[in-house]
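Taken from Swiss-Prot, the feature active site, proton donor applies to 364. Residues annotated as active site, proton acceptor in Swiss-Prot, with similarity to another entry given as evidence: 389. Sequence annotations record features per position, and here Swiss-Prot assigns Zn(2+) binding site to 117, 119, 361, 446. Taken from Swiss-Prot, the feature substrate binding site applies to 120, 207, 208, 209, 210, 211, 212, 213, 214, 329, 447, supported by similarity to another entry. Residues annotated as disulfide bond in Swiss-Prot, with similarity to another entry given as evidence: 142-163. Residues or ranges marked as N-linked glycosylation site by Swiss-Prot: 81, 132, 188, 334. Positions annotated as signal peptide by Swiss-Prot, on the basis of sequence analysis: 1-25.
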């Protein structure tokens, strides 16, 4: 091409680009054209949110309309009248309100798929712990210096001048009012006996109380016969809440017998396995449960390496039930994933390399550019299957891109995040932008027993009312249920079977719900 023609080409191309930019930026000539452009922009934005690809059936649309009617009224009443929006308030205050709503009742009835982020000592209700577990033989209690009750199963009473052990049965009988005693005991253990949002000024002070809960119950619930029944009760409660599948993080080590025998991790895994299999035989509609070994992030590097080796052995021996390894506990004051790097790399440096799945808690924090939120970098580089909490993920655009590219879902636990001090008003949850852009998200409940939440329905309700917009309801809820199967650690074959079971229950739920709404449909028509 000649120099002259090259210059002409460049000039023409420049003019075309300038003209196109001018046309794009030019003011719209009419209000109608402006509104058309505005609607198009809003629709394009909405098309990217979680659940936007779901196409509802006619029956589902009926149900969606009823949920949206209540949701919009609550939002509009609060926004226009400047009154408190209760679904986003402290769970301590909002729980009773939530329980009265139409949307919550629908969510309770709705098959929600799986709960993928749960911990072993807070999965069944405190009502069961108090009314069943503390009524067993050899259950003792003592009051510590803070007047908190500690519970243990004991054969021999240890001398302890700071916490004198007394038989619970005797204390209950001597109280003169069994119901009042049990109510007092439950309130003493429950994290919801006060409002954590106003009671605790910092995240650290919240965690002091949270860790106290585990100290109060571990000596009771780790007694092997009680743990067996406690886990069975948890499965009953999750199934009653229309949850079909769970993935449970458990320490596995330390279940004990009355004679002082302390069991290893394989015993703990087999306890869960036998109860799960028995439960599935009794309830074939229940998809199942699987276990993740959780180490504590204040342990030594040598202890974590030993746990990783045990996790490898369990994964080889029980590949269909044992999923992998995680590190749990408050991230801010404890060791980072990088601190344990040699231990966590151990499986990959074997010959041949062994792929031990990881399910790391990472960035459960409000801080930025610290070793805590940089746990995300290590979690992703160590090929974590999912990220627990991931509260600070949105602050790291490259981490966010990498996680989405690799299909690494975030396990969001909205009530837990509020109760543990990360967000007061759940509408301001850090991960709302990811939900608005259809990032891989699952909703779980973390430790529902500790704060008297339902197994999963309360968290689904809070997610519906606070984490997505005014015009979003059943598409969002349905996508969350589907995500819980898609991003579970089940095999591909298991996922196909799980989705089939879930679909059967979903279709039945929609039909039954719409049938129940028919009188109200007629009233509205």
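Just so you know, glycine gets a Cβ as well, placed from its N, Cα and C.
The Cβ of residue 117 (Zn(2+) binding site) lies under 8 Å from the Cβ of 247, 249, 388, 389, 411, 413, 442, 444, 445, 446, each of these being in the same chain and 6 or more residues away along the sequence. Cα separation, residue 447 (substrate binding site) to residue 334 (N-linked glycosylation site), rounded: 20 Å. According to DSSP, residue 447 (substrate binding site) sits in a coil region rather than a helix or strand. Here the Cα atom of residue 188 (N-linked glycosylation site) is found 11 Å from that of residue 212 (substrate binding site). Comparing Cα positions, residue 119 (Zn(2+) binding site) lies closest to 214 out of the recorded positions 81, 132, 142, 208, 214. Within 8 A of the CB centroid of the Zn(2+) site residues 117, 119, 361, 446, the other residues of that chain are 118, 249, 328, 388, 389, 411, 413, 416, 444, 447.
Each of the binding-site residues 119, 361 was scored by the number of other CB atoms within 10 Å of its CB, and the largest score is that of 361. Taking the C-alpha atom of residue 212 (substrate binding site) as reference, the shortest distance to any of the recorded positions 81, 132, 334, 364 belongs to 334. All protein chains considered, the CB of residue 163 (disulfide bond) has 15 other CB atoms within 10 Å.
Around residue 446 (Zn(2+) binding site), taking its Cβ as the centre, 28 other Cβ atoms fall within 10 Å, counting all chains. Within 10 Å of the C-beta atom of residue 447 (substrate binding site) sit 23 other C-beta atoms, taking all shown protein chains into account. Residue 132 (N-linked glycosylation site) is surrounded by 15 other CB atoms, counting those within 10 A of its CB over all protein chains shown. Here residue 361 (Zn(2+) binding site) is positioned 19 angstrom away from residue 208 (substrate binding site), judged by their C-alpha atoms.
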